[in-house]
């Protein structure tokens, strides 16, 4: 094989493996260690750091054995077959939730000295885990850096790197689409790494590599054998799901009530039999004497607040409890919206009442916000069914999957779908008072009056929570008159609050924050990352003077543009895994187009492209893309795609042209990745200033990259 062709194939394959490994680590850690489910972008930042540091110190002979050993250790500590007590990695989430200013589901707060020690221990364990992931990626970065340095044509090498990245993304996206488990991901990764050994001509490392791979696979397999009988583990495109039979045993007889669905190792929802016949025949299980009490249960109460149940909309329909409740109460037509296709599949297969088999139920696999945009039907009742998220919407963003559902604009859209006498019933598991206060004030603002609020206790008939009812005043007051028992469930605490809550909006969609500030957990996390970065930059770059600041600022600015694209398109098209995959794929395609442009056009100065970049970012900053929300799909995609792709294109041209003129390709590429790490860290500014303001931050970073351009590359204008 020709040496140039072999190098090109080698570079392509390293790029495939790097992107695949990056997505695997992000997906796997965020499912198994819940702290990362809320910090997907943290794992991304750590990956960038490891690759960047490796690129900065390339080696002619790279060994992937250390990476395989570290991966085995990570899997060992996550699926640890022995009890490590206070040092178990799953306790990191519990320890760091003591910071209190960031809501993590199902965590309790310690007090006094114990709380301080737990925070310190959690930070230390997180630091060690971060260091492990960094070192996992360094050998792959070294291989990439060495291949870039040996390339005769820089732009061609960069194009091959992007093509490999696209292939890696497509491969992992396909595996997510078919709901494959980690055993498959790791298996494909290991085969891919063995192919790298062939390129590196290190066949002698096959046997020790296979040993580490075997240990890793055995640990993953062992974890799967420890589940309770009847329990099934599934992986949707969004999260890890565990389906556990729910039974109540009386003597030797076990009564099957349904199933509990765990998400990322914590309880998430149930699929239970709440039919009147089943509940009435099992009073010893469901704990009631008066059948009328059932009317006021979690899954029946919303339907008391509708004069007519001709058309019902449920968002966050889950495995079917809400739809079953609608059918029990006589709903004639139910549109049930659920974002996770695997939860829909579980509901179809396992829900005891089989609500999704009913001809009266129209099941819609979509994001709630996306459905609001395109819905043309009007409803008697809109139910938000305990729609809460345990994961982020994208690897690039710090926005949770449900954040854009609980904003002022979202509830306003839901209101626009009501018939004149229609009502919205929003049920939420309020763990922190400020969350309930925010929802209360959103409903008050939209309907011009305070919503009726109820508190439902947790029971086997429903997990309860706070209920907010807003809409037609006559309909709501009529229900309260007909059912006096409702007055015993009224919760006046939100109406009595004296301190106004911060209302989430599409620009600041952070329901789980008590105000516009950066949570202390982020400061701790990024302090750890920066400490590791400073120490390693000194060693790998020879200090700050070895960093190419032009490429550093290009990387930081570009990542913020990516964040903007993901967030804005999630608003227009939904926070689905497919939309996110298409957005990231489209960004890489735009980079390829920019590369071809640079190869075809003789560019004299980068200044016009910086001007185009600044102008396109300004347009995105001032143009309200939400105006496109109710457009038909094609014009909406064309207009939004054109507006959002322009900054990517201009930034791609600037990078490609600078890269093609560079000498030490590994150093400039490493500087770009370290800069992207900074861009990821700067995302958290959106907690304080909103998402749109990140465009101005990106603009500033590009100004700094231009200022660095003249100094480092000798270009005056």
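Note: Cβ is positioned from N, Cα and C throughout, glycine not excepted.
Any TrEMBL annotation is an automated prediction that lacks curation.
Going by TrEMBL, these are the annotated features:
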type	residues	note
TRANSMEM	12-29	transmembrane segment
TRANSMEM	68-89	transmembrane segment
TRANSMEM	119-138	transmembrane segment
TRANSMEM	158-177	transmembrane segment
TRANSMEM	183-199	transmembrane segment
TRANSMEM	206-222	transmembrane segment
TRANSMEM	520-537	transmembrane segment
TRANSMEM	549-571	transmembrane segment
TRANSMEM	577-598	transmembrane segment
TRANSMEM	610-631	transmembrane segment
TRANSMEM	637-656	transmembrane segment
TRANSMEM	694-714	transmembrane segment
Proximity verdict for the transmembrane segment (68-89) and the transmembrane segment (206-222), three or more C-beta pairs under 8 Å: yes
Interface-richest range of 158-177, 206-222, 577-598, 637-656 toward the transmembrane segment (183-199), CB pairs under 8 Å: 206-222
Same-chain residues near the transmembrane segment (520-537), Cβ under 8 Å, at least 6 residues beyond its ends: 39, 42, 45-46, 49, 53, 56, 96, 99, 101-102, 119, 123, 126-127, 130-131, 134, 543-544, 546-547, 674, 677, 681, 684, 687
Tertiary contacts of the transmembrane segment (12-29) (same chain, 6+ residues out, Cβ under 8 Å): 36, 40, 43-44, 47, 51, 78, 133, 136-137, 140-141, 143-144, 147, 160-165, 167-169, 171-172, 176, 182, 185-186, 188-189, 192-193, 195-196, 199, 395
Close approaches to the transmembrane segment (637-656) from elsewhere in its chain (Cβ under 8 angstroms; 6 or more beyond its ends): 155, 158, 551, 554, 557-558, 561, 564-565, 568-569, 572-573, 586-587, 590-591, 593-595, 597-598, 603, 606, 609-610, 612-613, 616-617, 619-620, 623, 625, 628, 631, 672, 702, 705
Contacting positions for the transmembrane segment (610-631) when only residues 6+ beyond its ends and CB under 8 Å are counted: 373-374, 409, 506, 561, 564, 568, 571-572, 639-640, 643-644, 646-647, 650-651, 654, 692, 695-696, 698-699, 702, 706
